[in-house]
Structure formats: structure tokens, C-alpha cells
Amino acid sequence: MHLSELTHPNQLHGLSIAQLTQIAAQIRDKHLETVAATGGHLGPGLGVVELTLALYQTLDLEKDRVVWDVGHQAYPHKMLTGRYNNFHTLRQKGGIAGYLNRRESPFDHFGAGHASTSISAALGMAIARDLKGENFKVVAIIGDGALTGGMALEAINHAGHLPHTNLMVVLNDNEMSISPNVGAIPRYLNKIRLSPQVQFITDNLEEQFKHIPFFGENLTPEMQRLKEGMKRLAVPKVGAVFEELGFTYVGPVDGHNLEELIATFQHAHTIPGPVLVHVATVKGKGYAIAEKDQVGYHAQNPFDLVTGKAKPSSKPKPPSYSKVFGETLTKLAENDPRIVGITAAMATGTGLDILQKRVPKQYIDVGIAEQHAVTMAAGMATQGMRPVAAIYSTFLQRAYDQIVHDVCIQKLPVFFCMDRAGIVGADGPTHQGMYDIAYLRCLPNMVLMAPKDEAELQRMIVTGINYTDGPIALRYPRGNGYGVALMEEGWEPLEIGKGELLRSGEDLLLVAYGSMVYPAMQVAEILKEHGMSAAVINARFAKPLDTELILPLAKQIGRVVTLEEGCLMGGFGSAVLEALQEADILVPVLRLGVPDILVEHASPDESKADLGLTPPQMAETIMQKFGVPQRATVVTAS
């Protein structure tokens with residue numbers, strides 16, 4: 001059977017090991033071919049090909065439920081559930097999403113983009129099943145470090161207290177999140193994986209049973225039960241932590257041995273109550289380059305399959321905001337032992353890998369544990385340290401109570417650095433950094449700032465380090481800067497709450513925040529061509545606003561436009577409106593930003609065009625709102 005003929009996962013039932021092996025090879029080929037062309041997550045999906053095939057052969061997905069954690073592990077799942085022929089559209093506008101999406105397929109039983117949610121969701125399904133008197137299996141697949149997340153442990157704690165609720169948790173243990181796993185739980189799992197007794201039983205017992213004449217080949221499920229029993233005799237502590245928490249522990253099992261996996265899952269389905277199946281996999285399996293560099297090939301931009309190297313761009317690009325952040329913070333940390341960079345399993349993505357290499361004592365990776373990261377930072381701040389919590393905008397949402405309760409109420413000087421703020425592109429709605437302005441602006445004692453370019457980012461990093469009167473948050477976008485000159489040292493901090501007037505004008509006031517400042521300057525140029533004179537303010541701070549700069553100009557000019565790369569509800573434009581209202585300045589205001597919608601996966605440029613946030617589109621919207629001279633011809637987006 002060719003994978004293109006498979007439209008339903010139940011077609012896997014009854015296929016031989018040889019046929020499944022052939023399909024596994026087709027999945028890997030398609031996975032590699034597609035990600036090399038479109039970009040996307042590479043290593044996670046390659047590591048779960050056999051796991052997915054074996055599990056789905058033992059389930060009836062007409063009724064059974066499968067919940068994948070994180071979602072980027074699930075590329076093989078997508079190919080096996082009717083999306084193989086469209087898989088080439090992965091992460092492209094209008095194509096297959098890079099994460100699970102209930103709107104995309106009835107087999108995506110629960111959406112996921114963030115980590116550690118699967119066990120909670122699966123347990124909810126299992127409890128609902130039992131309350132309704134229904135009968136189907138529920139399986140959660142958790143991996144890529146997600147078991148280090150507190151929510152996963154909360155769910156395990158709850159599920160273990162429900163001995164009559166049938167639930168299978170498959171632990172895809174590849175020893176990695178994006179970076180290598182950290183913490184006591186991964187260390188415990190490694191002890192199980194590396195136990196000589198367990199390895200001997202796993203590697204040798206099955207082969208010995210196969211040599212029993214006549215019926216050795218047919219003993220697979222029973223053999224699996226015997227292997228589990230012998231592991232417990234040889235190593236009584238195997239899986240003890242999970243057993244003490246109320247789960248029946250099964251494993252570890254070779255995650256790339258189809259025969260052993262099928263037997264293990266068949267055996268696990270017969271065990272009543274919560275069951276945890278520990279599957280040892282290799283991230284990037286089947287692509288030697290990815291197996292060797294599991295961090296670098298967790299996710300990739302388009303690359304050459306033969307060399308593994310990124311496809312060259314037409315011209316050299318300026319450094320990314322993440323790199324500028326990492327380099328600048330590291331230089332400051334080298335001269336200030338109070339500075340500590342904190343990441344939640346995202347060292348490379350945030351640029352803190354630079355700090356990790358050069359000043360390792362001032363670097364902490366807490367694993368996928370944003371809540372812990374924030375409160376730990378708060379504790380460090382009480383002792384005079386300068387904690388810098390470098391967390392993507394979308395992931396900082398996970399620690400909201402800690403920001404409120406442990407940081408803001410106590411007015412502790414924690415410096416939040418939010419990478420990927422704004423439109424992120426192909427990762428889609430689970431990863432868009434749309435909401436941080438709104439969800440942080442409402443908090444007492446919080447200061448918010450955003451740079452117009454990478455040079456201003458450097459100054460804001462120094463500003464955040466120097467600010468000790470409470471928490472301060474810095475947002476900056478995904479991608480490369482503008483190529484402006486950068487200083488190696490001697491950065492001057494900014495005055496809190498002070499913006500800058502970049503351009504004078506008489507007809508219109510553009511007040512832009514962060515990544516929208518340069519586009520605002522382009523808008524002003526377009527408007528100039530149509531006879532409109534626009535002043536441009538780089539706000540720098542969303543809280544506190546520079547009302548001394550904004551309000552007099554708003555009153556004088558009489559027409560205001562705000563520009564932000566974030567949600568309009570409660571965002572930067574709302575802050576300007578509130579300031580105008582409180583000052584009794586009643587002038588027309590146009591807010592440009594992201595409306596009350598989910599921004600689906602597409603390139604950042606495509607998303608901005610869809611939202612009307614390209615400079616020509618914004619200029620057209622402004623002229624439609626406020627009117628233009630009769631001689632004007634509106635410039636539209638091509």
C-alpha cells in the first residue's frame with residue numbers, strides 16, 4: 001500500500017510489519033521533502049513515525065480519541081489521517097496547519113501548540129466518556145520535554161487518583177524538548193532508559209522467545225507481559241514514581257521497533273485504570289544530520305536535503321532581534337554578576353544560548369515551566385539580583401497569575417523580555433504574540449516598552465536592567481532587524497515613559513509603537529504624495545505613555561492614528577484613547593492593529609496584507625477615514 005491511498009487510519013488494521021515498515025519510510029520521505037521546501041518542525045515528527053503507526057493499528061479511530069501534546073510531533077498523524085496528498089502545503093497560507101487544529105480534521109481531537117496540555121485534555125475526555133456511559137479508548141501522547149511542565153504533572157496527579165478511569169499516556173521520551181531536557185524528571189527517565197538490566201531484557205528476551213519452535217512468533221502480547229514482569233524482578237524501581245502516583249507503568253520500549261510497539265500497546269490496552277507507556281525514541285530518526293544535531297533540526301527554515309544547510313537568501317540579512325538581544329544581554333552580564341538570564345526550554349529561540357556559552361553561571365533553563373520561571377525570578381529579585389525572564393510573548397500567557405500575584409503586587413524588579421511579539425507567521429494562532437500589550441498594560445506597577453529597531457532594542461535592554469522600581473516588560477518581533485548601526489558597548493538607558501517625535505506634520509498625527517514605527521514613517525511618505533502632512537511619534541512606551549508629547553500634538557493637529565502589531569482590544573491604541581479622554585481632548589482617532597480575530601498560519605507579510613497593515617493599505621485606510629485632497633490618487637497594495 002502506498003501512503004497516498006490511505007484515507008483513514010483504520011486502513012492500517014491488519015497490515016504486516018513489512019507493509020508498516022514501507023509506510024514508515026514513505027512518511028519519513030514526505031516529511032523530509034516537505035519541511036525542506038516549506039520549513040517547519042523536523043526532528044519531533046521523524047521520531048514518532050513507528051510509534052504512530054503501531055498505536056493507530058491498535059485503535060479504532062472511528063471512536064477512539066488521541067490527544068497529541070504540543071502538536072508539532074503530529075506530522076505523521078496528519079499524513080495518516082487523510083492529509084498526505086495536501087501535506088506539501090504545510091504551514092502555507094490556506095494549507096495544512098503546523099499544529100493540531102480541530103477545524104482542520106475530525107481526527108485532530110484536541111488542538112495544541114503549547115506544551116503539557118495533552119494529559120489534562122485526555123483525562124477530561126475519559127471522565128466525560130464514563131459519565132455518559134460510553135465506551136472508547138483515550139490516549140495522550142506527550143513528549144519533547146512536555147512532561148517537565150507543571151500542568152502535565154497536575155494531570156498525572158489527578159488521573160492517578162481515578163483508578164477506575166481508563167486512560168493511556170504514551171511518553172515519547174526522546175531526551176529533548178527543543179534543547180536537551182533539564183531537571184529531575186528527565187534525569188529519572190534517563191536512569192530507566194540506561195539501566196543495564198532493563199536494556200538486557202529489552203534487547204535480548206524478545207529475540208530468545210522468537211526461537212521457541214512452532215509458536216514463538218505468536219507470543220508477542222503474552223511475551224510483553226512477561227517482559228514487564230521480568231523488568232520489575234530485575235529492577236524493582238523501574239517506573240516506581242509513576243506507579244506511586246497511581247499509574248501502571250509499562251516500558252521502556254524501543255520506539256522504533258514496530259513489532260514490540262504493537263505488542264506493548266495491545267498489552268497496555270488490557271490494563272484497567274491509568275497506564276503510562278514509556279517509549280524511547282530518537283529525535284530526527286532516519287535523517288542522520290538531524291539525529292546528530294537534534295537542537296538545530298528541531299525546526300528548520302527551508303533547507304537542502306543533501307547538506308542539511310539552509311537555502312541561501314538572495315542577500316545577507318541583518319542580525320535577528322533574538323541575536324541582538326542575546327549578544328547585548330551577555331555583554332552586560334559579563335560585567336554585572338547580578339544579571340541572570342532565565343529561559344523556559346527556549347535557549348536558542350530567545351538568544352540566551354549565547355549567555356549559556358559565555359556566562360553559564362548566570363544562565364538558568366527551568367524546562368517547560370513558565371509559571372515557575374516567573375516566580376523564581378521574583379524570588380531572585382527580592383535578593384538584589386537582576387533576573388531577566390526571556391519568554392516568547394505567546395508563552396508568557398501561561399504565567400499570568402504569577403506575573404500578577406508574585407511580581408506586580410509585590411512591585412518586584414523582574415525584567416520580562418518577550419520575543420516573537422506580534423505576527424509570527426507560519427506557526428499560526430497558537431503562537432501569535434498578539435496579546436501581551438493588552439494583558440500586561442492593565443497591571444499596576446508594570447512598565448511596557450518596545451523598540452523601533454535593533455539599536456533601540458539595545459538601549460531598552462539597558463533600560464530594563466537599570467530599572468528597579470518594579471517590573472518592566474520589553475516586546476520585540478520575530479525576524480531580522482533593519483540593519484542599523486549597533487554599538488558594542490556604552491548604551492544609554494532611555495528615560496521611562498518618554499517617546500520621540502520623528503517627523504513633524506500638520507494634518508495628521510501618527511503614534512506608532514515598536515515594530516510599527518518604520519511602517520508609520522512609510523505611511524507618512526505615502527500620505528505626503530497625496531498632499532497630507534503627517535507627524536510621526538515613536539511612542540517607545542505603552543505604559544506609561546508620553547502624554548506630554550502626545551496630547552499637545554493631538555490637540556493641535558486634531559486627527560490621530562495609532563499603529564500597533566497587536567490586538568486592538570485593550571492594546572496600545574486603547575491606551576492613547578484613554579489618555580485623550582482623560583484629558584478631555586475630543587478628536588477623531590483611527591486605531592490600526594489586529595481586530596478581534598484569530599490570525600491563521602501564513603507568512604508575516606501575507607498576514608499583514610490580510611489585516612490591512614501594509615504601509616500602502618494603512619495609508620489608504622487613513623485617507624478613506626479622514627478624506628484626501630481631490631487631486632489625490634489612492635495607492636493600493638499590489
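Just so you know, glycine gets a Cβ as well, placed from its N, Cα and C.
From a predicted model like this one, the values you see are computed outputs, not experimental measurements.
The following features are taken from Swiss-Prot:
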type	residues	note
BINDING	His72, Gly113, His114, Ala115, Gly145, Ala146, Asn174, Tyr287, Glu370	thiamine diphosphate binding site
BINDING	Asp144, Asn174	Mg(2+) binding site
Message: At a 10 Å cut-off from the C-beta of Asn174 (thiamine diphosphate binding site), count the other C-beta atoms across all protein chains.
response: 24
Task: Whole number in angstrom, please: the longest C-alpha to C-alpha distance across His72, Gly113, His114, Ala115, Gly145, Ala146, Asn174, Tyr287, Glu370 for thiamine diphosphate.
output: 32
- prompt: Looking at the binding-site residues His72, Gly145, which sits with the largest number of other Cβ atoms within 10 Å of its Cβ?
  reply: Gly145
- prompt: According to DSSP, does Glu370 (thiamine diphosphate binding site) fall in a helix, a strand, or coil?
  reply: helix
